[in-house]
Amino acid sequence: MSVMVARKKVVRKWEKLPGRNTFCCDGRIMMARQKGIFYLTLFLILGTCALFFAFECRYLAVQLSPAIPVFAAVLFLFAMATLLRTSFSDPGVIPRALPDEAAFIEMEIEATNGTVPQGQRPPPRIKNFQINNQIVKLKYCYTCKIFRPPRASHCSICDNCVERFDHHCPWVGNCVGKRNYRYFYLFILSLSLLTIYIFTFNIVYVALMTGGLGPLPGCSQSLTVPTVLEVLICFFTLWSVVGLTGFHTFLVALNQTTNEDIKGSWTGKNRVQNPYSHGNIVKNCCEVLCGPLPPSVLDRRGILQQEESTAQEGPCPRGPSTQESLATQGPGQAEERHSVLSPQVPVPSLSDTEMPEEKQRTPGELPVPSLDAGRVEH
């Protein structure tokens, strides 16, 4: 005999979050779905540093100073730590509006704009917000059903609104926003220093090997293909990484984002002043890189409980069935037991529950709910 058993299945909130993100380690790691270029970034950094430590560091430590590989290891570990922190964290995703909240916002917008004649475009959904005596426009997101906070924007790749959105970086496999911008900046800064460091000492290594010092005693070390490969990788990487670091240093000094710089939000025709800038480079750098980091509002590892029923095969825990017990008993006992198991409940007659004429329906006809009860005034 099958018995229905109700069990509660624990579901984390990250499993139900909308958007195009990938979650690992039970929601602790959050990344974009397109991670191919991120793996290329890891391969280039790990491969170049592995070749440097394997071929040049020993020679340079003996000929010049043992501090050379130590400082290279510190730069490498710092760059990897900031890269993983940028890639695996929540950039500042803003939760979407719940259905009730979205319906309420839609009612407010319709009440404010009024009825739009057919054939005309509705007015833009914008709210004005004042920051430092300057009006900033808050735009409505049709996907998330919210008015985006200042400096927030919707990422088309991750399909999420991100607070203080800077840009989507495929090299780190994640959006860059308010909660991970400082780690992104520290990553490209440390990567620039690491690239310059390895490139410089590769040139020094080549100069020492060809300048008469030669390989170490007892070693047949000479110029090899890995050394040439390191020099080429560092040479072509140097310009892009150092240039990107310089560009973001300029943005940090102005307290500006890449998205605002591309759109010309504060340098356009209107020449609007940046309301977020303090007018001081030191204060801007301290706010962007040293300010308090807001916690994530997603609650990715929160618990949602869903009940599910499962059928299990097993014997009935009770005694013999009712039909068998009735069969073994006499007629009198059966009638008495039937009266106990099924007490007589008075059933009201049809005349007592007769419906009004306008509420009566033919057999097989479904009840039609009243439209007045659920009408919503727009």
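Even glycines carry a Cβ here, placed using N, Cα and C.
Just so you know, TrEMBL annotations are computer predictions that nobody has curated.
Copied over from TrEMBL, here are the features:
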type: TRANSMEM; residues: 37-55; note: transmembrane segment
type: TRANSMEM; residues: 67-84; note: transmembrane segment
type: DOMAIN; residues: 137-263; note: domain 'Palmitoyltransferase DHHC'
type: TRANSMEM; residues: 183-208; note: transmembrane segment
type: TRANSMEM; residues: 228-254; note: transmembrane segment
type: REGION; residues: 308-378; note: region 'Disordered'
type: COMPBIAS; residues: 320-331; note: compositional bias 'Polar residues'
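Of the candidate ranges 37-55, 183-208, 228-254, 183-208 has the most C-beta pairs within less than 8 angstroms of the transmembrane segment (67-84). According to DSSP, the secondary structure content of the domain 'Palmitoyltransferase DHHC' (137-263) in residues is 66 helix, 19 strand, 42 coil. If you average pLDDT over the domain 'Palmitoyltransferase DHHC' (137-263) in this model, you get 88.
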